[in-house]
């Protein structure tokens, strides 16, 4: 049985491979009509939105700071990580105390004061 | 400088040497979790079998490396891992802390104590998965490992470094054979590891109590992944047990590992593999279920001095269904091991315990793993039992039997009766050999079947009271002189009995 998720995934793949997006859409709707799958269109739209959100999350730069991020700080972090044009998702976490924690393309960059304080505590406890 | 100033100076120095700056680490995100399995996105550089750390502090092992996700089993509480959690690589393969203090303890596969006797001091970390010793590091198996069970030591002897499978239906005495083998190692210096996979905790508690009562717990470690534990722990348990044994083997010591049982181990692995969406094969087991057991059992061997010496003997246990030896997992493990001890249900219910089917049981190491006296004496008992088996079914139909056939049947019945043994009562090899000689020499031919057991106990009492030197000689060698002495002892014993 064909699911909305499979249809959405196939549509995305086809649109990446084919230059003419209109042609892809026409083929897609023709397929849906032929097999009486029009009822799944709302679900397919939902799956496409979900896929787009995941794509943005995957390529976005996530920065967590203890205080609101200034444009200069943001530019600095982007330059050091190499995420010049990535969409930004900024969050606040007071437990960092200072500095930042960033995630971009599967790598986590830890530069928070909270993390450094934790390292110091561990080092002192070992003594 | 006052002491406070010294402390402040020390702390300042530590702060100066502290590395600050931004650290970089590969992370992933949990996209799906459930049934002890987590699926993650990211972690592009993760290696197969690598340890992962979840945000909750739980650990996992990466098993499936797919194009867009990584599948891992969760060790610890799977309920703590949720969708969206961050996962970090550790860069390490699973290791467990092991030390001499592990003896006498009950632990889980991650070496967490389960016996409320406090933490365990570890000497080193051992890899759970380790490559089996190569061909050149091995030595032939020619030293006996006594199980203390007459039927096994005489008919299917086990050597140090051998893999001998114990196979049979439920409730046929498989675990009892394994327990008696552990009890028989008292005073030999052999370290034992009992791995309980998917077993009831009440059963393991009974086993622990028995071992403690017999003074065997001091040289035994129990690795438990109970039936209420996750499939991940059941999957790891045998490898953890092997790692514990390898710790002692690396010190040049002899070890014994019992895997009870590998059928449940295969079922746990099947569960994990199906949850990880690995393609099912025969009986829904994954395609590498043979490798699951072969890489475990190949770690058991006898090592030469150059490789460090020591040995690891394995007694894996397999439970069959309705005596079917030709099923998938049993045939897999039979083809890996160096022999099998087949325990049969109908023998068990006939009162023949241990219910060893001598016809289907075999030891591929054979006589090289027997003391000299037993090797000479047991050869005759094997032949007589084989003849008895052949004639037994024939005798049920034939009314008039010739004298020779009748004699063979009587002798076989007496040997079968004589090989019965109570559980948890292992016997020294020399006493076993002396009793088997008593049976095969015809000394028991005139005894009623019901008197065989009592006669056996009296024979042992006589030997231990009056023939200590003879027993000592038999445990070391066998020659005509000893045989004559034994014949003389039988005569004297028979005269005493009247």
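Cβ coordinates are placed from backbone N, Cα and C, and glycine is handled just like the others.
All TrEMBL annotations are machine predictions without curation.
Pulled from TrEMBL:
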type: BINDING; residues: B:168, B:169, B:170, B:171, B:172, B:173, B:174, B:175; note: ATP binding site
type: DOMAIN; residues: B:25-91; note: domain 'ATPase F1/V1/A1 complex alpha/beta subunit N-terminal'
type: DOMAIN; residues: B:148-363; note: domain 'ATPase F1/V1/A1 complex alpha/beta subunit nucleotide-binding'
type: DOMAIN; residues: B:370-493; note: domain 'ATP synthase alpha subunit C-terminal'
type: SITE; residues: B:361; note: site 'Required for activity'
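Counting only the Cα atoms, the space from residue B:171 (ATP binding site) to residue B:361 (site 'Required for activity') is about 18 angstrom. Within 10 Å of the Cβ of residue B:169 (ATP binding site) there are 18 other Cβ atoms, across all protein chains. For residue B:361 (site 'Required for activity'), the nearest neighbour among the binding-site residues B:168, B:170, B:174, judged by Cα separation, is B:168.
The Cβ neighbour count for residue B:170 (ATP binding site), using a 10 Å radius and every protein chain shown, is 9. Within 8 Å of the centroid of the Cβ atoms of B:168, B:169, B:170, B:171, B:172, B:173, B:174, B:175, where the record puts ATP, the same chain has further Cβ atoms from B:319, B:343, B:345, B:348, B:355. Residues in the domain 'ATP synthase alpha subunit C-terminal' (B:370-493) partition by DSSP class (helix H, G, I; strand E, B; coil) as 95 helix, 0 strand, 29 coil. In this structure, residue B:168 (ATP binding site) is part of a beta strand by DSSP. Along the domain 'ATP synthase alpha subunit C-terminal' (B:370-493), the predicted structure has mean pLDDT 91. A helical conformation is recorded for residue B:175 (ATP binding site) in the three-state DSSP classification. Highest Cβ count within 10 Å among the binding-site residues B:171, B:172, B:175: B:172. With all protein chains in the displayed structure included, the most crowded Cβ environment within 10 Å among the binding-site residues B:168, B:173 is that of B:168. Long-range C-beta contacts of residue B:174 (ATP binding site), restricted to its own chain and to partners at least six residues apart, with a cutoff below 8 Å, comprise B:166, B:167, B:168, B:260, B:261, B:317, B:319, B:343.
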